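A.B. asks: Quick one: the structure is below, questions incoming.
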């Protein structure tokens, strides 16, 4: 798909928030082409994040500016630019820095910055400051994070998750 998509990643959503709620909330910034909450394949329950696709870039930028860190359905949400699925490492998608699965920057599962499971910075299980078995301040990005035995993961050096030097179990 060569066409540019103006899509936002939205993380930290309440379980009760649905596609229509996203559409309604974000349509104040411009024409919403699509809004989708990602559900767990097995349980069918919301995974706490989704995507909103806008018709134009200005609407997307305005939504990111206005909604990131704001409250929706009683939860503070993370909103940032989602990268196209094909872009790979540099800019986002899986394993990149923008949004979406395993993002480095903003939210989602294994997110480095925003919430999400195994998040390095803010929120989620095994985060740096709080969560299951975390060291409360040192490296630690969940299992084996931060370059094994050097600040995270099993037996980590300073403040990682399980068995980290600065705390943990």
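Including glycine, each Cβ sits where the backbone N, Cα and C put it.
These numbers come from a predicted model, not from an experiment.
From Swiss-Prot, for reference:
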| type | residues | note |
| --- | --- | --- |
| COMPBIAS | 86-99 | compositional bias 'Gly residues' |
| DOMAIN | 6-84 | domain 'RRM' |
| MOD_RES | 47 | ADP-ribosylarginine |
| MOD_RES | 103 | phosphoserine |
| REGION | 80-99 | region 'Disordered' |
| REGION | 86-168 | region 'Glycine-rich (GR) required for cell-to-cell movement' |
| REGION | 95-143 | region 'Nuclear targeting sequence (M9)' |
| REGION | 130-169 | region 'Disordered' |
A.B. asks: Averaged over the domain 'RRM' (6-84), what pLDDT does the predicted model reach?
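C.D. replies: Across the domain 'RRM' (6-84), the average pLDDT comes out at 96.
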A.B. asks: What is the three-state DSSP composition of the domain 'RRM' (6-84), stated as helix, strand and coil residue counts?
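C.D. replies: Within the domain 'RRM' (6-84) the tally stands at 22 helix, 31 strand, 26 coil.
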